[in-house]
Amino acid sequence: MQILPAIDIKDGQAVRLFKGDFNQKTVVNPDIIEQAKTFKNAGIQFIHLVDLDGTLDGRATNRDLITEVKKISGLGIEVGGGIRTLEQIRDYLAVGIDRIIIGSMAVKDPDFVRAALEEFGADRIVVGIDAKAGLVATEGWLETSNVDYITLAKEMEKMGVTLFIYTDVDRDGTLTGPNLDHYKCLVSELTTAKVIASGGVAELADLNHLQEIGVAGTIVGKAYYNGNITLDQLKSFGG
């Protein structure tokens, strides 16, 4: 199981939110570049990077900063937040970003996902499914659709998506443990596509449980920044 430390960017700083609430923001490192270097120096190979400003603006707000992170750190990076156009994806891939996460647009315009898969390939496109009580949330988690997370995942898999990031918004940033039942259901319902878990990880035991379920990777944020899980422990899972 791959471990992906998370860096969420808001106003140029690394932050953590509580249940996706922008009003409950904690700055964990004011220097994004320094945080990326910390991961790199610890032997981490791949990170999960979210442009929180972009989720609200609907554009690549922190594109220049993200480009600098890639250039200086040399880390493998997947980027999400505000991805609305193929041109944005082209731009990110051109500067070396490894994977692009499509979130809201998977619900609002499935043809956009199809076009992205056709142009860039399934190894470069990840669909991020964020859900509240099992229903898909969009627009930086500010809106909730009537689409069930399993239904969306199965539709996207038929389209050719091979990797999903599933976030239980109600667990994100809470340190209450991941929603294991949701991950069990999602892994069992998908035919060949893989799942990366996100939201709620609090301790090392949570990573062991997720590995047993069969997720391909897990994103770790607050548990690391709070000191619950060390970088050495993350590395032991193949981070």
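Cβ coordinates come from backbone N, Cα and C, glycine included.
Some features that Swiss-Prot has for this protein:
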| type | residues | note |
| --- | --- | --- |
| ACT_SITE | D8 | active site, proton acceptor |
| ACT_SITE | D130 | active site, proton donor |
Whole-number answer please: how many Å between the C-alpha atoms of the residue listed as 'active site, proton donor' and D8 (active site, proton acceptor)?
15
Taking DSSP as the reference, which of helix, strand or coil describes D130 (active site, proton donor)?
strand
